[in-house]
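Inspection log for the structure reproduced underneath, given as structure tokens.
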Amino acid sequence: MRPLPLRPEQTAVRGRPRAPPLSARGGRTERAGVGGGPAVHSDCMLLSRLAQVSREIAATSARSRKIALLAELFREADAADVPVVIPYLAGRLPQGRLGIGWKVLGRRVAPAAGPRLTVREVDARLTELGGVSGPGAQAERARLVGELMGAATEEEQRFLIGLLTGEVRQGALDAVAVEGLAQATGAPADAVRRAVMLAGSLPAVAEALLGEGPGALDRFRLTVGRPVLPMLAHSASSVAEAVTRLGACSVEEKLDGIRVQVHRDGDTVRVHTRTLDDITDRLPEVTAAARELPGERFVLDGEVISFAPDGRPRSFQETAGRVGSRVDVAKAAREVPVSPVFFDVLGVDGRDLLDLPFTERHAELARLVPEPRRVRRTVVSGPQDVARAERFLAETLRRGHEGVVVKALGAPYSAGRRGASWLKVKPVHTLDLVVLAAEWGHGRRTGRLSNLHLGARTADGGHAMLGKTFKGMTDAMLAWQTERLRELAVDDDGHVVTVRPELVVEVAYDGLQRSPRYPAGVTLRFARVVRYREDKRPEEADTVESLLAAHPDVAP
Ligand SMILES: Nc1ncnc2c1ncn2[C@@H]1O[C@H](COP(=O)(O)OP(=O)(O)OP(=O)(O)O)[C@@H](O)[C@H]1O
């Protein structure tokens, strides 16, 4: 592994050209920590400033205004504030879930008269809180929360409660934050975006950029051992449409498994999911397969899938269950063996291939990976050759796969983006939607959360409900979703349980119809649940815009 030194030296941070003086903006403080708590850095951003910007961002639907607000905040921020500021703005805690319930947060604490908490101080206090364990932990945590709330103004208390309960989550924030950073530092937005993809972390890039200026972006290169966000696909309604849009292309089988990125450096192999989780230990077959390939250092992109003894793919649920199981991996591997099947190569022997056209990357892939470990494909010269693409789709479906991915031969690898040069074609239309609420079931489903309220993302970072469904759920799914949705609940009126919009569900549907009862003016026809997509973040769910674009005849 050759990890990149992503964190800039503190000296470099201090060397950044300073922003206007504090007094003019009121956004910084020289104060010490509350209640004799952890040491506090002077001259760092006040929580009140962050809470104010967070509120302003949530209140505006104009993307350009959000970007301007963020740029202003970043100009004021010290580089060392950024690893806290960015997750807080998105409504995430760097410490992950702290599990502080309403019982503690609901206690009213008299607010402080004026703002004095800094974001780094809050972060230090929450780290301390997360570390409390053993007998008396609950009381100690309640005491620490009380102390923190007592140091916060009323507005800060509201912000902290939202943060701790997950209610201030702003899904689409990372993309606007990239633009805000570009505006604040004068770096090109594309260069910032690329660095974020290669680092796999927005705060790491922001810290380097604010500390050292745009030159710091050059440091973020593809590094074996450091996963990058994978390239994603758009949908096309038919192979003919995809080939017409892309021209010369590769039509590849679309395997319904789990996306993996495999990094090998000598004997060390690491396997990552599309959300960059390290799942190496769960997939010994993938490590073994990577070690057999004739290359010492490479990064491959592909899908892990389980084939039944007759060579047909096992269901997604079986593959996903196997990939998800952490206990007794050897037994799981005997029962449901998986194989990696690769379709792209991002780097080999120290060369970064991301910007090469797909034809050249594929030539490298073919050199490195023997045929049975590569996805099947056919190359199509353009629309005049569409019959070949259609035959390939029909064969692929006959072999039990879900469809094809059509890829432009000349396109680079757009890490972390839903590039227009990959188009997936599946006979059954599905959408990835966010569960907004669920209704308590009746009869056999009494005590279970059943009828789901389904939402697509809107341009302003919110959700528009597209309809409801209680179809397609197995008993196991009903039990699982009841438990999971109760964890996410923010309100229960005895009929409808409203939840934080965090759970992504894949839904099949027969079409779209106009309906003035729904906020986007349309609703889904015969929606049914296919599966939950725990590998997807809510920010990756489908948008109203893309849904309407796919059904131009129905769009209001
Ligand atoms: N040959 C292939 N090329 C690219 N992706 C493939 C291929 N075969 C299977 N896949 C899978 O298909 C996905 C492409 O669709 P997309 O990028 O939209 O992801 P997704 O939302 O997970 O898609 P879906 O839900 O349709 O599987 C990839 O993420 C990958 O997991």
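Even glycines carry a Cβ here, placed using N, Cα and C.
Please treat TrEMBL annotations as automatic predictions, because they have not gone through curation.
Database features, via TrEMBL:
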- 1-37: region 'Disordered' (REGION)
- E252, R259, R274, E303, F343, R418, K424: ATP binding site (BINDING)
- K254: active site, N6-AMP-lysine intermediate (ACT_SITE)
- 331-458: domain 'ATP-dependent DNA ligase family profile' (DOMAIN)
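A map of TrEMBL features onto the structure.
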residue: E252; record: ATP binding site; contacts (Cβ under 8 Å, 6+ apart): F343, V375, R376, R377, V404, V405, V406, K407
residue: K254; record: active site, N6-AMP-lysine intermediate; contacts (Cβ under 8 Å, 6+ apart): T396, H401, E402, G403, V404, V405, K424, V425, K426
residue: R259; record: ATP binding site; contacts (Cβ under 8 Å, 6+ apart): P230, T273, R274, D301, G302, E303, V304, D535
residue: R418; record: ATP binding site; contacts (Cβ under 8 Å, 6+ apart): L232, A233, H234
Per DSSP, three-state class assigned to R274 (ATP binding site):
coil
Mean of pLDDT values spanning the domain 'ATP-dependent DNA ligase family profile' (331-458):
94
Any idea what DSSP makes of R259 (ATP binding site), helix, strand or coil?
strand
In the domain 'ATP-dependent DNA ligase family profile' (331-458), how many residues does DSSP call helix, how many strand, and how many coil?
38 helix, 53 strand, 37 coil
Including all protein chains displayed, how many Cβ atoms other than that of E303 (ATP binding site) lie within 10 Å of its Cβ?
20
